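Since the structure comes first, as structure tokens, the remarks are kept for the end.
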Amino acid sequence: MRILVTNDDGVHAPGLRVLEEIAAALSDDVYVVAPESDQSGVAHSLSLNDPLRLRRISERRYAVKGTPTDCVIMGVRRILDGREPDVVLSGVNSGQNVAEDVIYSGTVAGAMEGAILGIPAIALSQAYGRAGREKAFWSCAQAHAPGLIEKILATGVPANTVVNVNFPDCPPDAVEGVAVTAQGRRGYLVNVDARSDGRGNPYYWIAFDRPFSEPGKGTDVEALAHNRISVTPLRLDITDTPTLTRYAQALL
């Protein structure tokens, strides 16, 4: 099995090393093509106005000055060049990618690009942050991902579908099983944090507040709250079918 590994945290991210170890447990035919720098939050952006710079780190490890989407395209169309991977693995992201995170996530987008290219694809993220901790329990993903990936691939990933996997913020032995979930919803409050530099000139950061709300039943948010591994199938087709039907009746 040939595996293409990418991420959005960058080629030097600890989560990428974790995913390389996970991939190595599944296959000895693993290629890594990851962004040269952190691309968190770039979603499915594609570099059209800047050239892509490719740096070979080792025989099967490459860095691209571009987005996760660029990396998957470069990996499939240039580096592998006709030797198509059997699966694209994207991650392991430092932090969960659930609910609205999915829209912003470069990790999920890397997997989505694999699906667009007709390749089974799985996004993997490790939640963290409870009790003020600033480091992830990478051991959770390390322990549970290989077997879970094998089960997902054996079950099959349909065309135009991405599997979004999130590991809970707990040690491996505290995981309360696997939950197959729907994408959840949280109450996001998007703010602009205004600051001043040393010369008194203003600059700004996008900031998010997440007020507490009860997670929806059967969602990825609920699964993580109960220390379960969340497995969410996502489709590339984002058509709102009920509204399509209603509009067809009302507007035509």
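The backbone N, Cα and C atoms fix where each Cβ goes, and this holds for glycine too.
The following features are taken from Swiss-Prot:
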BINDING   Asp8, Asp9, Ser40, Asn93  divalent metal cation binding site
For Ser40 (divalent metal cation binding site): DSSP state (helix, strand, coil):
coil
Cβ distance under 8 Å to Asn93 (divalent metal cation binding site), same chain, sequence separation 6 or more: which residues?
Asn7, Asp8, Asp9, Gly15, Ser105, Thr107, Ala123, Leu124, Ser125, Gln126
Other same-chain residues whose Cβ falls within 8 Å of the Cβ centroid of Asp8, Asp9, Ser40, Asn93, the recorded divalent metal cation site, in sequence order:
Asn7, Gly10, Ala13, Gly15, Asp38, Gln39, Pro68, Gly91, Ser94, Gly95, Ser105, Gly106, Thr107
CB neighbours of Ser40 (divalent metal cation binding site) within 10 A?
18
Starting from the Cβ of Asp9 (divalent metal cation binding site), draw a 10 Å sphere and report how many other Cβ atoms land inside it.
23
Taking 10 A as the limit, how many CB atoms besides its own sit near the CB of Asp8 (divalent metal cation binding site)?
32
Could you tell me which three-state DSSP class Asp9 (divalent metal cation binding site) falls into?
coil
